[in-house]
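What Swiss-Prot says about this protein:
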type: TRANSMEM; residues: 33-53; note: transmembrane segment
type: TRANSMEM; residues: 77-98; note: transmembrane segment
type: BINDING; residues: HIS83, HIS182; note: heme b b562 binding site
type: BINDING; residues: HIS97, HIS196; note: heme b b566 binding site
type: TRANSMEM; residues: 113-133; note: transmembrane segment
type: TRANSMEM; residues: 178-198; note: transmembrane segment
type: BINDING; residues: HIS201; note: ubiquinone binding site
type: TRANSMEM; residues: 226-246; note: transmembrane segment
type: TRANSMEM; residues: 288-308; note: transmembrane segment
type: TRANSMEM; residues: 320-340; note: transmembrane segment
type: TRANSMEM; residues: 347-367; note: transmembrane segment
Amino acid sequence: MTNIRKTHPLMKIVNSSFIDLPAPSNISSWWNFGSLLGICLIAQILTGLFLAMHYTSDTMTAFSSVTHICRDVNYGWLIRYLHANGASMFFICLFLHVGRGLYYGSYMFLETWNIGVLLLFAVMATAFMGYVLPWGQMSFWGATVITNLLSAIPYIGTNLVEWIWGGFSVDKATLTRFFAFHFILPFIVAALAGVHLLFLHETGSNNPSGLNSDADKIPFHPYYTIKDILGALIMITALSSLVLFSPDMLGDPDNYIPANPLNTPPHIKPEWYFLFAYAILRSIPNKLGGVLALVLSILILMVIPLLHTAKQRSMTFRPMSQCMFWILVADLFTLTWIGGQPVEHPFVVIGQLASMIYFLMIILIMPITSMIENKLLKW
């Protein structure tokens, strides 16, 4: 009898994606993050669903409803903190996943890479809108500052901002629509992730050597299923430790103060995973310039395949490029640190330098380094 998993229309899809999928025999733990992101997304949708059962998207009751979830709902505190810190876990996995793609030249799969960048934008939008929902001080002022950036768009800016707000300031209409969008976006992300996977399976996975691995493939199950389970257990352990021991470590204390339009917090800053982009935004004194730099800091990922000048795909055998890559990583850490600092000397100058290095590194220095390596190898 033919195996049902190979004949049933639905099982066939699962089989070809997670069971009989031919995978390179040498992919390292850096290839675990795709499955970890899938787990994060499922966890976020489930915890979010249970939070939505108790949350009210009204300016008068939003803050109280979150307090009610934490105090009165059975394990509400656990669901809330799993959701909040799950977002941090999501972004840690995202950044590592993108970093892996940059290091090993996975961006040469154009469709997969571009949909990945689109996914990054969608997840960032989802996280931003989710941060507004508890309606604390940082929620309100974060929403005000970030939506206000759109007013930098010439001619239509002001109208666009008021259209997004649903009034003349961030208010009830804004909160209600942000809740609606925050609810729907993760499902769009899930659909996009399906397309991301579809395009990846057209080409097969890349591997650490960057060479063609058609001659040496192994089935995904049991080899990589068991490897993914180990990765998942490590991530779940890390998330559980964070949630159960220091759930507020990554949050802002200001968000425990109910939103007050008449009182601005001394330092408005986003969650840690947006700080690098926030630092780039602040490093340009012009409003429109800052907004453009902010968008380009992520959009630049789309041009990376065009800037690939090396004769080898991966950085595994390219020590100079490796050096440049790790300088870029250090620069991103610097930007993240600067984003959380007040706007004063010397942080402003450090931020401007780090922003300049970020763009120069990607557009100029790394492609030139690759060309030098080609020369050294007489290619």
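Note: Cβ is positioned from N, Cα and C throughout, glycine not excepted.
The model shown is predicted, which means the values in this text are computed figures rather than measured ones.
Stretch with the most C-beta contacts under 8 angstroms to the transmembrane segment (33-53), considering only 77-98, 178-198, 226-246, 320-340, 347-367: 77-98. Counting only same-chain residues 6+ beyond the ends of the transmembrane segment (320-340), those with a CB under 8 A from a CB of the stretch are 99, 102-103, 269-270, 272, 274-280, 282, 310, 347, 350-351, 354-355, 357-358, 361-362, 365-366, 369-370, 372-373. Secondary structure at HIS97 (heme b b566 binding site), taken from DSSP and collapsed to helix, strand or coil, is helix. By the criterion of other Cβ atoms within 10 Å of the residue's own Cβ, the least surrounded of the binding-site residues HIS83, HIS97, HIS182, HIS196, HIS201 is HIS201. Spatially, the transmembrane segment (77-98) is not adjacent to the transmembrane segment (347-367); fewer than three Cβ-Cβ distances between them are under 8 Å for residues at least 6 apart in sequence. The closest partner of HIS97 (heme b b566 binding site) among the binding-site residues, by CA position, is HIS201; the full candidate set was HIS83, HIS182, HIS201. Listed by sequence, the residues of this chain that lie at least six past the ends of the transmembrane segment (347-367) yet keep a Cβ under 8 A from its Cβ atoms are 279-280, 282-284, 293, 296-297, 300, 303-304, 307-309, 321, 324-325, 327-328, 331-332, 334-335, 338-339, 341. Comparing HIS196 (heme b b566 binding site) with HIS83 (heme b b562 binding site), their Cα atoms are 24 Å apart once rounded.
Note: the CA-CA distance between HIS83 (heme b b562 binding site) and HIS201 (ubiquinone binding site) rounds to 30 Å.
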